[in-house]
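Below is one structure; the comments refer to it alone.
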Amino acid sequence: MSPSPAERAEDLRRQIAQANRAYHELDAPEIPDVDYDRMVRELEALEREHPELARADSPTQQVGARPSGRFAEVRHAVPMLSLSNAFSDEEVADFVRRIDERLGRRSLQFSAEPKMDGLAISLRYEEGHFVLGATRGDGSTGEDVTANLREIGDIPKRLNGKDWPDVLEVRGEVYMARADFEAYNERARLQGGKVLANPRNAAAGSLRQLDPKISAQRKLSFFAYGTGEVQGGELPDTHSGTLAQLGSWGFPVSALCRVVDGTDGLLGYYRDIGERRDGLPFDIDGVVYKLDDRAGQQAMGFVSRAPRWAIAHKFPAQEQSTTVEAIEIQIGRTGAATPVARLAPVAVAGVIVSNATLHNADQIARLDVRVGDSVIVRRAGDVIPEVVSVILDRRPQGTTPWQMPTQCPVCGSEIVREEGAAAWRCSGELSCPAQRKEAIAHFASRRAMDIDGLGDKYIETLVDAGIVKGVADLYRLSRDQLLHLKLVLDAEDPSALAAALKLHLPAEGSGAVLNAVLKLDGNDPGWRAQALVQPASFEWNTKKIATKWADNLIAAIDASRAATLERLLFALGIEHVGESTAKALAQWFGDLELIRHLPWPLFKRVPDIGGEVARSLGHFFEQQGNQQAIDDLLQVGQVRISDAHAPSAKLREGLDLAQLLVESEIPGITRLRAEKLVAALPSAQAVLDAEHGQFVNAGLPDDTARGLAEWLDAEGHGAMLLAAEKAMRQILAKAPALAEIVAGPLDGQTVVLTGTLAQLTRDAAKERLEALGAKVSGSVSKKTSFVVAGTEAGSKLDKAQSLGVPVWDEDRLLAYLAEHE
């Protein structure tokens, strides 16, 4: 029996009130906006049809609404910085307040503009001619995509007008308009080609094509939003004026840019653009606010990798409700078992979402997500779908809490979780095929071993076929295998592959191979791996198959055999070990054999390596499978370390058994207590052989003595302490004496570089200063020893002068380097 209008209205008011409280008071929305709006509209209709149901406290009467490596590297003369984000009105108000307090102004003007969802690039013009275009990259170094950028009609090849600077770098966003995106995909569908995922990926992928003709086919657009390096000329003293000037020189500038006053102006602009967002011809994911006057920008300066005078105000992530059909786990490169919700497909933020991350088991427990639940799915940052909450009112009867599986779904190994860790992991290490694919892809990546040309699809097929079972197998690949692989991957189905193979197999004896290929099921996702079975011989017809790709890949594999220690350590894919940590390990220990057999507490000798990273390193090297993989690399792959050296003498500082006990994180063991213990028990073996009473006699409190005894009794701790003592002796034997360290003339001094140097690149100057012992910093303070100022020096020079920090010009720097190097 259907409820009466009065009953339905009351039920709607209850649900809306509950949703309002969850959203506004608890900051934990239980339903997506689309469901909330639907309920409000239904209640409005009921109150119109039945005026007697209208009440003063009805939600419909309340005022207010919620706010809606294949390219050459290019070193950016001026870094392409990122922006801090604001997600609320309060954060925007705080941004304005910080500027007001720092500058002491009561009236602030800002330039506001849409935040394009594309790819940031830098365009360099010399004497008015476009000479170089680069991607953002890591902010300091990007990729040279000049040829592809020349295919974009919006980008002027020569500047209009006059009075442009001798050197002008223009920063902006390459994007694909929605209409062009839809048109391209429609053509691709009709022609049986590849359909692009979304406009942002389309723009990024197009610019990274080796063939500029592909960029031309995928019609791209451009908006300018700022400048980088400027030499031999001046720009207007406001950001808005600079944009207008860029427009006069031929650069497209968004017609949605506005100059607004204060917080109210910013929020008004934000809401205006938010309301127009869906009707715009391009995708945006927020708006950007910049202090308009350059003098104020210079006074505000920068923090970390972002300016203090600008911020991105992101739109709320779009949400929708759907049903959880299953919860599965995916195994990542480092073995992390990540739960993934398989969803009834739903459109969210313009794309169909059928999977969403649940992050980890603790998150599932916190949300209590169950199979069969109705959930809210959000595309966080408009990119990554995630389950944010469960709609408990819709939970069906009979659901049960989800439990983490005990075995890896890929290799069957046990799934374990380290004490205190959030993530569960497959214990199969590199023997797990799921980890193997990701590990090999990471190993071959540009910043690791830099095996250019070995893409994910090649790795996946090689692993599935059993040809590559570990990273060392990459060094066994032959030219014939790679050419065969290319044929298999290029073929749309087994029939097409058989036709291609027929051109290259000898006429006699090829029938069995071709028949085997034709029997493969093209609907089976693994048919390509099954087809990758090397025939007895190939007679490659080089007129009909391109061999350059295979030759280049073999050359890249061979070149990677000579690796720096930091590259190899990073390439191993050890959890928590990024490039900077790998570099530090290489600098401090210098030797792979030492590192791979080092107990984890000794890794903490390296500055900035704490217990979590040290334990991760120890765990990795404790696994026999990982040690075997390293052995295979050295023996089968013939990989060699090109820059091995003795451990740093600085490792000697304070390195003794007492420090080992402290760094082993034994409960209650401080440096003072460890020294007392070692004075009575001077070796690791003596500590292991001692009993509780001896620990007390050595000066330990009773509870600490009991804790030490329990720690030593725990599995593996005693062996680890003995191994750590042995490794400590090896380090002390190999490391130079501290007295042998020759202090550089700039040891202990901090130097800041600013402006453009004529005879040195900034990287070269930094390297030479560091070689003399200096620390090169990015910011000026009272502790700065001196500042080297080139041309176009900016706020750093001003700050140095205000603080009385000595300033050197380039000539003085060059003279000093010549004298002391």
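Yeah, the Cβs are placed from backbone N, Cα and C, and that goes for glycine too.
Database features, via Swiss-Prot:
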type	residues	note
BINDING	ASP33, VAL34, ASP35, TYR36, ASP37, SER82, LEU83, GLU113, ARG136, GLU173, LYS290, LYS314	NAD(+) binding site
ACT_SITE	LYS115	active site, N6-AMP-lysine intermediate
BINDING	CYS408, CYS411, CYS426, CYS432	Zn(2+) binding site
DOMAIN	741-821	domain 'BRCT'
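Averaged across the domain 'BRCT' (741-821), pLDDT in this predicted model comes to 87. DSSP gives ASP35 (NAD(+) binding site) a helix state. In the three-state DSSP reading, the residue listed as 'active site, N6-AMP-lysine intermediate' counts as strand. With all protein chains in the displayed structure included, the most crowded Cβ environment within 10 Å among the binding-site residues CYS408, CYS411, CYS426, CYS432 is that of CYS426. For LYS115 (active site, N6-AMP-lysine intermediate), the count of additional Cβ atoms within 10 Å of its Cβ stands at 21 [all protein chains shown]. Contacts of LYS290 (NAD(+) binding site) defined by a Cβ separation under 8 A and a same-chain sequence distance of 6+ are given as PHE110, SER111, ALA112, GLU113, HIS239, GLN297, TRP309, ALA310, in order along the sequence. With helix defined as DSSP H, G or I and strand as E or B, the domain 'BRCT' (741-821) counts 30 helix, 16 strand, 35 coil. Under the three-state DSSP scheme, CYS408 (Zn(2+) binding site) falls in the coil class. When the recorded positions ASP35, LEU83, LYS115 are ranked by how far their Cα is from the Cα of CYS408 (Zn(2+) binding site), ASP35 comes first. Listed in sequence order, MET80, LEU119, ALA120, ILE121, SER122, GLY142 are the same-chain residues at least 6 apart in sequence whose CB falls under 8 Å from the CB of ARG136 (NAD(+) binding site).
Checked against CYS432 (Zn(2+) binding site) by C-alpha proximity, the recorded positions ASP35, LEU83, LYS115 yield LEU83 as the nearest.
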